[in-house]
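Student: The annotation domain 'Oligosaccharyl transferase STT3 N-terminal' is assigned in TrEMBL to 24-480. For 124-144, 151-168, 174-193, 205-222, 228-246, 266-289, 345-367, 418-435, 441-461, 468-487, 493-510, 517-536, the entry in TrEMBL reads transmembrane segment. What TrEMBL records for 567-651 is domain 'STT3/PglB/AglB core'.
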Amino acid sequence: MKKKMLNTIKQIAIIAILFSLAFYIRSEAVNIGGVPPDQKNFYKDPSTGLPYFSEIDSYYNLRLTTNFLTKGMLGDTKVNGKDWDLHSYYPPGRPVDYPPMIVYVTSFLYKFVNIFKKVSLPVVAFWTGAFIGSLVVIPAYLFVRKITNDYGGITAALLVAFAPVYFAHTFAGLFRTAMFNVLFPILIMWFFAESIVAKTFKRRVIFAVATAISIILFSLSWVGYVFYLAVIFVVALVYFGLRYFIERGKVEYVSKLDWIKGQRELLALLIVAIICGGILTIGGGPSAIPNALSQLVGAVQMQALTQTSSYPNVYISVAELQVPPFVMPIPGKPGSVFLPNQMSAVGQIGGLGVFLLGVAGIIALLWKAGSIYRSEFSLTKDFLKTTPKIRAGKTSKFKKRKRRISEEVSRDIQIEHLFYAVLFTIWSIMAGYAVTKGIRFAEPFSIPMSLSAGIFVGFAADFVKKHVRAELTALTLAFICGILAASPFAPTVQMKFLAGIISAILVYIVRKHSLRSVIIALLIVGVAATPSIYGAQQFASQIVPSSNTGMYNATKWIKDHTTPGTVIMSWWDFGHFFTYEADRPVTFDGGSQNTPRAYWIGKALLTNNETLSAGILRMLASSGDKAYLTLDNYTHDTAKTVEILDKTLGVPKSEARNIMINEYKLTPQQADTILQYTHPDKKRPFVLVCSSDMIPKAAWWSYFGSWNFETKNGTHYFYHISQQVSPPQKEKDKTVIYTINEVMQNQMICTKIEKKANEINATILMGTKGNLNEVKPHKLVIIEGNRVVKNEIVDKDSNYGLVVIGQGGSYVTIVMDKQLEDSVFTKLFILGGFNQTTFKYLHSEPGVSIWTAQ
């Protein structure tokens, strides 16, 4: 009893240490180490004193949680009995078809914390992801410990908690549903495994029910819960087939009920199917599971899906939906494939080392499961050899009975290993296939790989304890493991070797084999886990928030100086931030980006026709999608619809009507129907927010805005803003300033500014370092202070434009594709409204400007 209690205390202590480490490293993000010290306050929310959230999606979850706490529902209102969001994709808004688990959990934590101390909801939300993300160490440790030992459990817990793809979604300041995407899958698979290997029928039923409950809870977190239903289904059927083959003719059942009880995997599957099917059907209707499966398949195929309309697929611009390479070594550093935090399949799970250990764990399970056949063959040979020597009597009977019990226990363990081998093999294969469809699916892949790597480490620790007794072998192993474990943290070769030497000395000093094996086992744990721990620590220490006080103040200005119905227009990235902070609707956001509005907003930013741009924004603000959807019904040709709107949105209503009727042969009634959407008598007010983050994003909004509906493609156009500026240099009678605007591998884009007396000129430099050639700009615009001193076409055949902005002797230069020179975005944000008359300036903050148009 005392030994059992000590063992329990040891497990609790290990879990406490693992959780503390996971939470501590996640909390490092609060220091926003990626921001220079003198700028940190600019990236802190004045309402909380904490940094702004690190992803804009966090603000959507925060708004839904606020709605739930204040209104008792996730939406702003009810439409046909369903929660409806009047802030997103407005008009008309959209249904809140969103997994509510993050809202429920955060609301509970908010109320619980406020029992002891008054804490605002944003503060609770700021830490929720780190708290939930750290909890995964508990089931990971207990699950793998059951299969192997403490060393395996510790390794699995560390690898799961610090897997780059999961850590990047669960550090302090990130508030996303992804926080549940590892916790619940481990619970599901752990409970399912226990429902198979548990010794009693009662425990098997209890764990099967726990599996079903975990799946139901996970269904409130992510549509991907059906993936784990599929894994369970396949695992159960494969294991049933294998066990039937192995036990054929060897196990007899007295009744059908006895047979049913004996089919553990089918019983568990039946219980899960009945409970999940019943509750999910009651909660979501008969189509709940098929719909979830359809959504999951759709998510897997986002890159390959053919659009149902002629508009571009915005998902190709979303980083987490890109298909990753298997590995991505850093040029010149082949060993980097073993490091985490790379945009590759194995990099996202912790590096090639974790992947190889995971594969080794599966192989070890298969080997141990295969011992069923080897042991049976061996026992048969032994029996044939020893039977003639056994004498009758009590002693011989006792020995035979003892061997049967031992053989039965050994066989049970081998059957368990067979199940775990089937579970991790199928789980890894199915998750591995998913990750080939997008980097976002690296998260499900990281779970079986991390757990399986822990299993291998656990088996390795057992091997060391049983077989590594020679001192030289132990010292050599300790030396190598010490070097490998310290490598991620040790900056020099000397320090790595020092770590190896210290490890070997420690093993040499400890003479007792049991303690020596503990040290070596811990070193093996370090070899497996330190790369992921180091990668997580590095990641957390380089965090930069998604927003800043410039954008925050801009949203507060909008909230204080516009009417509640004013629609905010911008690129979709900041949509959730606008809806939460400004409490105003947006035309589209991170939950509605893959819509025709991406084309129309991109077009409004890219076009050089100001009245067309204003007409597009007016149409979207007043009637949403109605104009082009209705016109599609008349033309049955999206390209023709876009052509008609391109010609009419920028002209007065009467002229637009004539064009529709005379040039495009619409009936007067059809034209009048379209005009009430494009040129409404009662226009809804809107503001256009332009911000510095839209400069690097121009490659995508220009791609969608330049979409060719005949060829089904667009063109990426780029801004190259100066990154470094040289001190002024004297060259003969001129003062010369150089800027570096872009470095791409060995190619450079720079600018050269020349000042002579009261004259200033500039040109573009392109080429390789040390071999830069002058490229005359198509158009050159130079602004000194608030005065435009040059605005001229320099070379009509050039493909690049150049803008030079000087203030107090310092300069910013922007090289751009000439298609962006006269774009509305360039005119408004870069040139501050110069040379345009359609848009009205409203307000500006650092990196943000706000405009409107009548």
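Cβ from N, Cα, C; glycine included.
Note that TrEMBL annotation is computational and uncurated.
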Student: Where, among 174-193, 228-246, 418-435, 493-510, 517-536, do we find the most CB pairs under 8 A to the transmembrane segment (124-144)?
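Tutor: Selected stretch: 174-193, with the most Cβ pairs under 8 Å.
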Student: Do the transmembrane segment (228-246) and the transmembrane segment (174-193) come close, with at least three CB pairs under 8 A (pairs 6 or more apart in sequence)?
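Tutor: In this chain the transmembrane segment (228-246) contacts the transmembrane segment (174-193) - 3 or more Cβ pairs sit under 8 Å.
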Student: Pull the DSSP breakdown for the domain 'STT3/PglB/AglB core' (567-651) and write it out as helix, strand, coil residue counts.
Tutor: 55 helix, 4 strand, 26 coil
Student: So which of 151-168, 345-367, 468-487, 493-510 has the most C-beta pairs under 8 Å when paired with the transmembrane segment (517-536)?
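Tutor: Checked against 151-168, 345-367, 468-487, 493-510; highest Cβ contact count belongs to 151-168.
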Student: Residues of the same chain, at least six outside the transmembrane segment (493-510), with any C-beta under 8 angstroms of its C-beta?
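Tutor: Distant Cβ neighbours of the transmembrane segment (493-510) are 471, 474-476, 478-483, 485-487, 516, 519-520, 523.
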Student: For the transmembrane segment (151-168) and the transmembrane segment (441-461), check the count of CB pairs under 8 Å (sequence separation 6 or more) and say whether it reaches 3 or more.
Tutor: yes
Student: Mean pLDDT for the domain 'STT3/PglB/AglB core' (567-651), as a whole number?
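Tutor: Average per-residue pLDDT within the domain 'STT3/PglB/AglB core' (567-651): 97.
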Student: Between the transmembrane segment (418-435) and the transmembrane segment (174-193), are there at least three Cβ pairs closer than 8 Å, leaving out pairs fewer than 6 positions apart?
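Tutor: Output yes: the transmembrane segment (418-435) sits against the transmembrane segment (174-193).
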